[in-house]
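Chemist: TrEMBL lists 203-237 with the feature disulfide bond. For 203-237, the entry in TrEMBL reads domain 'ShKT'. The signal peptide annotation in TrEMBL covers 1-18.
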């Protein structure tokens, strides 16, 4: 069984869930897999991803809940699980390749990432950091049912992608690198990673217009959207 859930932008005790992404070799494998795919996109402004311990810690905390759902707190998110037998490296490779293979359904002219949101987050040019966790869940809650012995992969990204439709600018590799990322490294813009990602705001607004909308009374007029995406401005946390 292999299922994926699309990016937007959970409960079993951690004591019975085993960490699988527990070696530097596997972490480097995940990072290199992302960067190899990013380098092949034909982008002029694609930044080389760096591993973030902060994002990996957040992903690990979320994965330990063993619930197949999104956190929705301002990070880019790719999730997948697999209950087939196999080595963790093979399963992670299969899941990440599945994310990337959504490229065949992507249309650059579309107003949203549609059914290709995993792919677009993987190759979002301005994303600088990724951190992932893989957990063996004896019982994973997904789509209203329990899946036994599921390997659950969670990757968080910063800055998150899938905002607007400017996935990357096609062109000669490194010909339009952002400021501070002017060093070209195997077809990717490199050099501007200044430390790790900051800890996540526990009560973020996910849209820059949240305060304006709250001042207009939208927390009451449109509570479903506002209390999910504008929690700080609506004072709901």
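Glycine residues also receive a Cβ, built from the backbone N, Cα and C atoms like all the rest.
Bear in mind that TrEMBL entries carry predicted annotations, made automatically and left uncurated.
Explain the structural surroundings of these features, please.
Modeler: Within 10 Å of the C-beta of residue 237 (disulfide bond) we count 9 further C-beta atoms, all protein chains included.
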Chemist: 10 Å Cβ neighbour count around residue 203 (disulfide bond)?
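Modeler: A count of 13.
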